[in-house]
Amino acid sequence: MKNITFKEKINLSNYTTIKVGGFAEYFSKPNNTDEFINLINWASLNNQKCRIIGAGSNLLINNIFLKGLTICTKKMRSIKIESHSGIVEVEAGVMLPTMSNILAKKGLQGGEWTVGIPGTVGGSICMNAGSKQLSLANNLLSVRVIDTKTLKISEIEKKDINFQYRFSPFQQNNLMIISAKLLFEPKGNIEQLLETTQKNLKKKTDTQPYHLPSFGSVFKNPTNNYAGKLIEELGLKGFKIGGAEISTMHGNFIVNNSFANSKDILDLITVIQQKVLQKKGIFLEPEVRMIGFDYP
């Protein structure tokens, strides 16, 4: 099979934004769609478990040896833009901040909010990532996927995808996202779009601990409430377990103070859940995807 290159026993802490992770038995960073598909085929033919990571945000990987193939999509960065129609075709590994700035420079409106999301397009669709009432699903036309069981490649229209708050079926099925078609509003004022994009980024960096390793948001917001607000009301900001700490800037962020391991972080998540449930009667559901754990 052509274009199959991977490394062995790779430390995945280098590929997560929280800087924690175990070792991958096999690891590869495909440069394009063809290489990605070939890797999926190789894993299937060799009976290897296959897991996909993007930017590594919203991801907690246990400090264990992970058998099988781990694919990181961050080199899959192709973007094709039809400026007149607003249709944008992006590979799964395109970073949202990169896409946001490109859209603004092309006068395409509707992606300004994504500048503050430290994830890839594929990961963001899979997790249905968003900010307040916005999510990438709002702009989605279709997703191109490969089935890891049948190896069939297909295109799924948005109407056939059951998106929910911070959830998509891709979290549970065998379909891996290759690329997506998105629609943005053309003929926007470039100067205004760039200004809005920069304001959105500044708001994020002023209120969230971007200078330290973190997941992004740890918990989903409960109905008519905010996880960060609940955590702050209990005086938990700054609370630590090992090298893991609840951010003093934002209650819904856990930061790694250079030596945290996966147990520290999982224990801290559990303590937060217990305290909020005990004091507020609300169970906080993690937004973080967990690999290598029996959770929940």
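Cβ coordinates come from backbone N, Cα and C, glycine included.
So that you can see what the record holds, here are the features copied from Swiss-Prot:
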- Arg166: active site (ACT_SITE)
- Ser217: active site, proton donor (ACT_SITE)
- Glu287: active site (ACT_SITE)
- 19-203: domain 'FAD-binding PCMH-type' (DOMAIN)
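Every protein chain shown contributes to the tally, and the Cβ of Arg166 (active site) ends up with 19 other Cβ atoms within 10 Å. Cβ neighbour density within 10 Å is lowest for Glu287 among the active-site residues Ser217, Glu287.
Restricting the average to the domain 'FAD-binding PCMH-type' (19-203) gives a pLDDT of 96.
Distance between Cα atoms for Arg166 (active site) and Glu287 (active site): 7 Å, as a whole number. The CA atom of Glu287 (active site) is located 7 Å away from the CA atom of Ser217 (active site, proton donor).
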